[in-house]
Amino acid sequence: MASSVLITNLTQEWVESLRRWHLELFFIPTTVVTLATMLANPVLLTCIFLSRALRQETRYLLVANTLTADMLFLILNLATVICNAVKVHIPWLVCELVTAVTITAYCCAILTVTLMVVDTYAAVRWPLHYRDILPPARTHRILAGVWLLAAVYPFTLVITMERVNPHEKVPVCLVLVSLGFIQAHNMVGTHIYFFVAALICTILIFYCYIRLYMVTRTQGIWQSRFSRARVTLLAHGILLLLYFVPGFVFTLELFLFHREDISQDVRVWVSTVNMCVFMLLPRAFAPYLYGLRYRELSDTLMQLLHRHRRLSQTTIS
(Lines of atoms letter the chains of each structure in order from A and count residues from 1; the text may use other names and numbers.)
(Lines give C-alpha, C1' and ligand atoms only; values in the text may rest on other atoms or scores of the structure.)
Protein backbone atom coordinates (compact mmCIF):
# COMPACT_ATOMS: atom_id res chain seq x y z
CA MET A 1 0.00 0.00 0.00
CA ALA A 2 2.78 2.41 0.93
CA SER A 3 4.56 1.64 -2.34
CA SER A 4 1.43 2.41 -4.36
CA VAL A 5 1.00 5.74 -2.60
CA LEU A 6 4.65 6.64 -3.21
CA ILE A 7 4.40 5.81 -6.90
CA THR A 8 1.20 7.85 -7.24
CA ASN A 9 2.74 10.88 -5.52
CA LEU A 10 5.92 10.70 -7.61
CA THR A 11 4.09 10.51 -10.91
CA GLN A 12 1.55 13.19 -10.03
CA GLU A 13 4.29 15.65 -9.09
CA TRP A 14 6.11 14.80 -12.31
CA VAL A 15 2.98 15.43 -14.41
CA GLU A 16 2.45 18.80 -12.72
CA SER A 17 5.98 19.90 -13.63
CA LEU A 18 5.54 18.69 -17.22
CA ARG A 19 2.33 20.70 -17.61
CA ARG A 20 3.72 23.80 -15.90
CA TRP A 21 6.62 24.02 -18.35
CA HIS A 22 4.74 22.52 -21.37
CA LEU A 23 7.48 19.92 -21.73
CA GLU A 24 5.08 17.54 -23.45
CA LEU A 25 5.88 19.51 -26.62
CA PHE A 26 9.22 17.70 -26.70
CA PHE A 27 7.34 14.80 -28.30
CA ILE A 28 7.48 16.75 -31.60
CA PRO A 29 11.29 16.60 -32.13
CA THR A 30 11.26 13.10 -30.65
CA THR A 31 8.75 11.97 -33.26
CA VAL A 32 10.63 13.63 -36.14
CA VAL A 33 14.02 12.17 -35.19
CA THR A 34 12.56 8.74 -34.51
CA LEU A 35 10.73 8.58 -37.84
CA ALA A 36 13.84 9.71 -39.73
CA THR A 37 15.91 7.02 -38.03
CA MET A 38 13.24 4.36 -38.51
CA LEU A 39 13.31 5.08 -42.24
CA ALA A 40 17.09 4.65 -42.48
CA ASN A 41 17.73 1.70 -40.16
CA PRO A 42 15.50 -0.87 -41.95
CA VAL A 43 17.15 0.04 -45.26
CA LEU A 44 20.62 -0.69 -43.89
CA LEU A 45 19.42 -3.87 -42.18
CA THR A 46 17.92 -5.01 -45.48
CA CYS A 47 21.24 -4.37 -47.25
CA ILE A 48 23.11 -6.41 -44.65
CA PHE A 49 20.76 -9.39 -44.55
CA LEU A 50 20.21 -9.58 -48.31
CA SER A 51 23.94 -9.63 -49.02
CA ARG A 52 25.60 -12.96 -48.32
CA ALA A 53 29.02 -11.30 -48.18
CA LEU A 54 27.93 -8.75 -45.58
CA ARG A 55 26.20 -11.41 -43.48
CA GLN A 56 29.55 -13.21 -43.18
CA GLU A 57 31.35 -10.09 -41.90
CA THR A 58 31.55 -9.68 -38.13
CA ARG A 59 31.55 -5.88 -38.29
CA TYR A 60 28.32 -5.80 -40.28
CA LEU A 61 26.66 -8.23 -37.89
CA LEU A 62 27.65 -5.86 -35.08
CA VAL A 63 26.25 -2.91 -37.04
CA ALA A 64 22.99 -4.82 -37.60
CA ASN A 65 22.73 -5.61 -33.91
CA THR A 66 23.32 -1.97 -32.97
CA LEU A 67 20.67 -0.77 -35.42
CA THR A 68 18.20 -3.38 -34.15
CA ALA A 69 18.75 -2.38 -30.52
CA ASP A 70 18.41 1.29 -31.49
CA MET A 71 15.12 0.64 -33.29
CA LEU A 72 13.70 -1.18 -30.27
CA PHE A 73 14.82 1.65 -27.99
CA LEU A 74 13.35 4.33 -30.27
CA ILE A 75 9.99 2.58 -30.57
CA LEU A 76 9.62 2.23 -26.80
CA ASN A 77 10.92 5.74 -26.16
CA LEU A 78 8.52 7.30 -28.69
CA ALA A 79 5.57 5.29 -27.34
CA THR A 80 6.41 6.42 -23.79
CA VAL A 81 6.80 10.08 -24.77
CA ILE A 82 3.51 10.12 -26.70
CA CYS A 83 1.60 8.35 -23.91
CA ASN A 84 2.95 10.84 -21.38
CA ALA A 85 2.11 13.78 -23.66
CA VAL A 86 -1.52 12.73 -24.16
CA LYS A 87 -1.83 11.77 -20.47
CA VAL A 88 -2.54 8.06 -20.93
CA HIS A 89 -2.68 6.19 -17.62
CA ILE A 90 -0.56 3.04 -17.92
CA PRO A 91 -0.71 -0.01 -15.61
CA TRP A 92 2.35 -0.13 -13.38
CA LEU A 93 3.22 -3.68 -14.51
CA VAL A 94 3.32 -2.54 -18.15
CA CYS A 95 5.48 0.42 -17.15
CA GLU A 96 7.88 -1.93 -15.36
CA LEU A 97 8.19 -4.17 -18.41
CA VAL A 98 8.71 -1.19 -20.73
CA THR A 99 11.42 0.06 -18.38
CA ALA A 100 13.21 -3.30 -18.37
CA VAL A 101 13.10 -3.68 -22.18
CA THR A 102 14.19 -0.05 -22.71
CA ILE A 103 17.21 -0.47 -20.43
CA THR A 104 18.02 -3.77 -22.15
CA ALA A 105 17.96 -2.15 -25.61
CA TYR A 106 20.09 0.79 -24.46
CA CYS A 107 22.67 -1.39 -22.72
CA CYS A 108 22.78 -3.78 -25.69
CA ALA A 109 23.57 -0.88 -28.04
CA ILE A 110 26.35 0.35 -25.71
CA LEU A 111 27.86 -3.15 -25.42
CA THR A 112 27.68 -3.67 -29.18
CA VAL A 113 29.41 -0.39 -30.09
CA THR A 114 32.09 -1.36 -27.59
CA LEU A 115 32.46 -4.71 -29.34
CA MET A 116 32.78 -2.87 -32.65
CA VAL A 117 35.92 -1.17 -31.33
CA VAL A 118 37.25 -4.52 -30.09
CA ASP A 119 36.46 -6.05 -33.50
CA THR A 120 38.40 -3.31 -35.29
CA TYR A 121 41.36 -3.85 -32.98
CA ALA A 122 41.28 -7.62 -33.56
CA ALA A 123 41.10 -7.15 -37.36
CA VAL A 124 44.14 -4.84 -37.37
CA ARG A 125 46.14 -6.68 -34.70
CA TRP A 126 45.69 -10.22 -36.07
CA PRO A 127 44.73 -9.85 -39.76
CA LEU A 128 45.76 -13.40 -40.72
CA HIS A 129 43.82 -15.09 -37.92
CA TYR A 130 40.91 -12.65 -37.67
CA ARG A 131 38.37 -14.80 -39.52
CA ASP A 132 39.34 -17.82 -37.44
CA ILE A 133 38.97 -15.84 -34.21
CA LEU A 134 35.55 -14.40 -35.08
CA PRO A 135 33.66 -16.57 -37.58
CA PRO A 136 29.96 -15.70 -38.15
CA ALA A 137 28.68 -18.56 -35.96
CA ARG A 138 30.78 -17.38 -33.00
CA THR A 139 29.65 -13.78 -33.60
CA HIS A 140 26.01 -14.91 -33.45
CA ARG A 141 26.64 -16.56 -30.09
CA ILE A 142 28.43 -13.47 -28.80
CA LEU A 143 25.52 -11.24 -29.81
CA ALA A 144 23.03 -13.58 -28.15
CA GLY A 145 25.17 -13.36 -25.01
CA VAL A 146 25.18 -9.55 -25.26
CA TRP A 147 21.37 -9.44 -25.30
CA LEU A 148 21.22 -11.86 -22.38
CA LEU A 149 23.80 -9.89 -20.39
CA ALA A 150 21.97 -6.62 -21.07
CA ALA A 151 18.63 -8.12 -19.97
CA VAL A 152 19.68 -9.95 -16.80
CA TYR A 153 19.98 -7.03 -14.39
CA PRO A 154 16.93 -4.91 -15.36
CA PHE A 155 14.59 -7.90 -15.46
CA THR A 156 16.02 -9.19 -12.18
CA LEU A 157 15.25 -5.82 -10.58
CA VAL A 158 11.70 -5.87 -11.91
CA ILE A 159 11.12 -9.41 -10.61
CA THR A 160 12.70 -8.98 -7.18
CA MET A 161 11.64 -5.42 -6.32
CA GLU A 162 8.95 -4.69 -3.74
CA ARG A 163 5.70 -5.50 -5.47
CA VAL A 164 3.26 -2.72 -6.30
CA ASN A 165 -0.32 -3.52 -7.24
CA PRO A 166 0.15 -4.52 -10.93
CA HIS A 167 -3.22 -2.97 -11.81
CA GLU A 168 -2.21 0.38 -10.31
CA LYS A 169 -2.25 2.94 -13.14
CA VAL A 170 0.23 5.80 -13.32
CA PRO A 171 -0.21 9.07 -15.26
CA VAL A 172 3.40 9.07 -16.46
CA CYS A 173 5.71 6.17 -17.28
CA LEU A 174 9.41 6.97 -17.31
CA VAL A 175 12.49 4.83 -16.96
CA LEU A 176 13.81 7.33 -14.41
CA VAL A 177 10.70 7.13 -12.23
CA SER A 178 10.52 3.33 -12.40
CA LEU A 179 14.25 2.86 -11.82
CA GLY A 180 14.31 5.63 -9.24
CA PHE A 181 11.65 3.80 -7.25
CA ILE A 182 13.60 0.55 -7.57
CA GLN A 183 16.76 2.42 -6.59
CA ALA A 184 15.17 3.47 -3.32
CA HIS A 185 15.23 -0.23 -2.35
CA ASN A 186 18.52 -1.14 -4.05
CA MET A 187 20.53 2.07 -4.40
CA VAL A 188 24.02 0.55 -4.11
CA GLY A 189 23.34 -2.25 -6.60
CA THR A 190 21.90 0.14 -9.20
CA HIS A 191 24.83 2.56 -9.04
CA ILE A 192 27.38 -0.27 -9.08
CA TYR A 193 25.73 -1.84 -12.14
CA PHE A 194 25.77 1.35 -14.24
CA PHE A 195 29.15 2.59 -13.00
CA VAL A 196 31.01 -0.70 -13.43
CA ALA A 197 29.47 -1.35 -16.86
CA ALA A 198 30.35 2.15 -18.10
CA LEU A 199 33.85 1.92 -16.62
CA ILE A 200 34.62 -1.44 -18.25
CA CYS A 201 33.36 -0.29 -21.67
CA THR A 202 35.28 3.00 -21.44
CA ILE A 203 38.56 1.35 -20.41
CA LEU A 204 38.20 -1.27 -23.16
CA ILE A 205 37.54 1.36 -25.82
CA PHE A 206 40.49 3.54 -24.78
CA TYR A 207 42.80 0.51 -24.58
CA CYS A 208 41.84 -0.69 -28.08
CA TYR A 209 42.22 2.75 -29.66
CA ILE A 210 45.58 3.38 -27.98
CA ARG A 211 46.84 -0.05 -29.07
CA LEU A 212 45.53 0.55 -32.60
CA TYR A 213 47.48 3.78 -32.82
CA MET A 214 50.65 2.15 -31.49
CA VAL A 215 50.36 -0.74 -33.97
CA THR A 216 49.64 1.45 -37.02
CA ARG A 217 51.62 4.63 -36.33
CA THR A 218 54.58 3.43 -38.45
CA GLN A 219 52.38 2.64 -41.47
CA GLY A 220 51.85 6.26 -42.51
CA ILE A 221 48.06 6.24 -42.30
CA TRP A 222 48.02 9.04 -39.71
CA GLN A 223 50.34 11.50 -41.49
CA SER A 224 47.72 13.29 -43.57
CA ARG A 225 45.46 15.62 -41.62
CA PHE A 226 42.38 14.36 -43.49
CA SER A 227 43.44 10.75 -43.97
CA ARG A 228 40.70 8.10 -43.93
CA ALA A 229 42.06 6.74 -40.65
CA ARG A 230 41.83 10.12 -38.92
CA VAL A 231 38.37 10.89 -40.28
CA THR A 232 37.10 7.41 -39.35
CA LEU A 233 38.53 7.69 -35.83
CA LEU A 234 36.99 11.15 -35.40
CA ALA A 235 33.58 10.00 -36.65
CA HIS A 236 33.51 6.91 -34.47
CA GLY A 237 34.85 8.87 -31.50
CA ILE A 238 32.02 11.39 -31.80
CA LEU A 239 29.46 8.61 -32.16
CA LEU A 240 30.81 6.78 -29.11
CA LEU A 241 30.70 10.03 -27.13
CA LEU A 242 27.08 10.56 -28.16
CA TYR A 243 26.20 7.02 -27.07
CA PHE A 244 27.89 7.26 -23.68
CA VAL A 245 27.05 10.81 -22.56
CA PRO A 246 23.28 10.16 -22.13
CA GLY A 247 24.14 7.17 -19.95
CA PHE A 248 26.27 9.31 -17.65
CA VAL A 249 23.54 11.98 -17.59
CA PHE A 250 21.03 9.29 -16.65
CA THR A 251 23.29 8.17 -13.80
CA LEU A 252 23.30 11.80 -12.64
CA GLU A 253 19.49 11.80 -12.85
CA LEU A 254 19.33 8.75 -10.57
CA PHE A 255 21.63 10.49 -8.11
CA LEU A 256 19.43 13.62 -8.08
CA PHE A 257 16.15 11.72 -8.00
CA HIS A 258 15.84 11.48 -4.22
CA ARG A 259 17.76 14.64 -3.33
CA GLU A 260 15.51 16.94 -1.33
CA ASP A 261 17.63 20.02 -2.08
CA ILE A 262 17.11 19.68 -5.84
CA SER A 263 14.02 21.26 -7.37
CA GLN A 264 11.51 18.91 -8.97
CA ASP A 265 11.46 21.17 -12.03
CA VAL A 266 15.22 20.74 -12.47
CA ARG A 267 14.89 16.95 -12.35
CA VAL A 268 12.04 17.01 -14.88
CA TRP A 269 13.93 19.31 -17.26
CA VAL A 270 17.12 17.24 -17.15
CA SER A 271 15.22 13.99 -17.67
CA THR A 272 13.12 15.35 -20.55
CA VAL A 273 16.06 16.85 -22.44
CA ASN A 274 18.12 13.70 -21.95
CA MET A 275 15.31 11.38 -23.08
CA CYS A 276 14.04 13.50 -25.98
CA VAL A 277 17.33 14.94 -27.28
CA PHE A 278 20.59 13.44 -26.00
CA MET A 279 19.52 9.79 -26.24
CA LEU A 280 18.24 10.30 -29.79
CA LEU A 281 21.33 11.99 -31.24
CA PRO A 282 23.57 8.90 -31.61
CA ARG A 283 20.67 6.87 -33.01
CA ALA A 284 19.95 9.62 -35.55
CA PHE A 285 23.58 9.83 -36.71
CA ALA A 286 24.44 6.12 -36.60
CA PRO A 287 22.69 4.86 -39.76
CA TYR A 288 24.04 7.69 -41.90
CA LEU A 289 27.55 7.32 -40.50
CA TYR A 290 27.58 3.57 -41.13
CA GLY A 291 26.00 3.96 -44.55
CA LEU A 292 28.56 6.56 -45.64
CA ARG A 293 31.72 5.23 -43.99
CA TYR A 294 31.41 1.51 -44.76
CA ARG A 295 32.11 1.15 -48.48
CA GLU A 296 30.64 -2.32 -48.89
CA LEU A 297 27.43 -1.24 -47.19
CA SER A 298 27.08 1.91 -49.27
CA ASP A 299 27.87 -0.06 -52.45
CA THR A 300 25.22 -2.64 -51.59
CA LEU A 301 22.72 0.15 -50.94
CA MET A 302 23.45 1.75 -54.31
CA GLN A 303 23.09 -1.62 -56.05
CA LEU A 304 19.69 -2.16 -54.43
CA LEU A 305 18.58 1.33 -55.45
CA HIS A 306 19.73 0.80 -59.06
CA ARG A 307 18.03 -2.59 -59.17
CA HIS A 308 14.80 -1.08 -57.84
CA ARG A 309 15.02 1.72 -60.42
CA ARG A 310 15.51 -0.76 -63.28
CA LEU A 311 12.56 -2.82 -62.10
CA SER A 312 10.41 0.32 -61.94
CA GLN A 313 11.42 1.35 -65.46
CA THR A 314 10.73 -2.16 -66.77
CA THR A 315 7.29 -2.18 -65.14
CA ILE A 316 6.41 1.23 -66.60
CA SER A 317 7.60 0.28 -70.11
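Cβ from N, Cα, C; glycine included.
TrEMBL entries are annotated by machine, without manual review.
On a predicted model such as this, the values are computed, not experimentally measured, just so you know.
Per TrEMBL, the features are as follows:
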- 26-50: transmembrane segment (TRANSMEM)
- 40-290: domain 'G-protein coupled receptors family 1 profile' (DOMAIN)
- 71-94: transmembrane segment (TRANSMEM)
- 100-122: transmembrane segment (TRANSMEM)
- 142-161: transmembrane segment (TRANSMEM)
- 192-210: transmembrane segment (TRANSMEM)
- 231-256: transmembrane segment (TRANSMEM)
- 268-290: transmembrane segment (TRANSMEM)
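Sequence-distant contacts of the transmembrane segment (100-122) (same chain, six or more residues past either end, CB-CB distance under 8 Å): 58-59, 62-63, 65-66, 69-70, 72-73, 76-77, 80, 130, 133-134, 142-143, 146-147, 149-151, 153-155, 157-158, 175, 179, 197-198, 201, 204-205, 208-209, 211-212, 236, 239-240, 243-244, 247, 279, 283.
Tertiary neighbourhood of the transmembrane segment (231-256): same-chain residues 106, 109-110, 113, 116-117, 175-176, 179-180, 183, 190-191, 194-195, 198, 201-202, 205, 209, 262, 266-267, 270-271, 274, 278-279, 281-282, 285-286, 289, 293, selected by CB-CB distance under 8 Å and a gap of 6+ residues from either end. Same-chain residues lying 6+ beyond the ends of the transmembrane segment (71-94) with a Cβ under 8 Å from its Cβ atoms: 7, 15, 18, 24-27, 30-31, 34, 37-38, 41-42, 101-102, 105-106, 109, 164-175, 275-276, 279-280, 283. The average pLDDT computed over the domain 'G-protein coupled receptors family 1 profile' (40-290) stands at 85.
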